[in-house]
Amino acid sequence: MEGSTALSTHTDEAAPGARPPQVRQPRLVIAVDGPSGSGKSSVCRAAATQLGAAYLDTGAMYRAATWYCLDQQVDLDDEDAVALAVEELPLTISTDPQHQTITVGQADISAEIREPRISEKVSEVATNRRARTLLVAAQRRIIDEAGFIVAEGRDITTVVAPDAQVRVLLTASAEARLRRRGAQLGGTQDAEALKRQVLERDKKDSTASNFTEAADGVAVLDSSDLTFEETVNSLIGRVEQAQGAGA
Ligand SMILES: Nc1ncnc2c1ncn2[C@@H]1O[C@H](COP(=O)(O)OP(=O)(O)O)[C@@H](O)[C@H]1O
Ligand SMILES: Nc1ccn([C@H]2C[C@H](O)[C@@H](COP(=O)(O)OP(=O)(O)O)O2)c(=O)n1
């Protein structure tokens, strides 16, 4: 049933930065979208750590849903079956940028969801409209509970948190993104496999959300010619500007 989110998402308590838990953070949401390999996860994790903010990797939730469907031998072409599986998904996700774990039931699938077998199937779940509705609702709950959080994905600036104080589209050239993903996977993937996991997946994902052009009010951060540190600093600079504006 659409709207009745039985998706029992549970968030592990974030332990961000060195800030004591009793210090209440002002509400500040940093939304980052972008294509595969643009640096969203690594840049946002580093920025959240330095800022003492929580961190939400929404792609990991789509990956976990895909892992669960495959584990339960759900036919990914069967839209209803995929939506039902996502409805019952017993997901726990950490929002601590320094300790990222994701579990389904008792299974810790933090490493498994990064495997190429998941990357090659995840768009089939991410383009399921009902699955998206359920996952977006869960993501909004997590963001609301955290208050001070960097959330990244494909539709955070536009659908999940369009009212975020900082909204950034993180991009990089196709060449840079393929090179980065290849290096990240330790050179284990040939050029064709990388293209499937990066460019073809982006093309399919683009049918479900727009992360190739910045929406109104969303700043573009092109990391093609920036070092990792420069990219992180640029994002933090935007957050500090917003903090200054809100102070
Ligand atoms: N500006 C950058 N310069 C060089 N490498 C980067 C940069 N940004 C990210 N990377 C590296 O590229 C790889 C892919 O980044 P990742 O965060 O997984 O991207 P995404 O989450 O957008 O798919 C990581 O190994 C990361 O360290
Ligand atoms: N908010 C989001 C986040 C991810 N997705 C989809 C798109 C991707 O194919 C998968 C996995 O996302 P993930 O960010 O882990 O992918 P990359 O690390 O960028 O390659 O989920 C989405 O549709 N909406």
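Glycine is no exception: its Cβ is also placed from the backbone N, Cα and C atoms.
According to TrEMBL, the ATP binding site annotation covers Gly34, Pro35, Ser36, Gly37, Ser38, Gly39, Lys40, Ser41, Ser42. Annotation source TrEMBL lists domain 'Cytidylate kinase' at 30-240. Summarising the annotation, TrEMBL assigns region 'Disordered' to 1-26.
Positions of TrEMBL features highlighted on the structure.
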residue: Gly34; record: ATP binding site; Cβ within 10 Å: 29
residue: Ser36; record: ATP binding site; Cβ within 10 Å: 22
residue: Ser38; record: ATP binding site; Cβ within 10 Å: 28
residue: Lys40; record: ATP binding site; Cβ within 10 Å: 26
residue: Ser42; record: ATP binding site; Cβ within 10 Å: 14
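Proximity of the binding-site residues (Gly34, Ser36, Ser38, Ser42) to ligand 2: a Cβ under 6 Å from the molecule is found for Ser36. Secondary structure from DSSP puts Ser42 (ATP binding site) in a helix. Take the mean position of the Cβ atoms of Gly34, Pro35, Ser36, Gly37, Ser38, Gly39, Lys40, Ser41, Ser42, the recorded ATP site; other residues of that chain with a Cβ within 8 Å of it are Val43, Leu170, Ala172, Arg177, Arg180.
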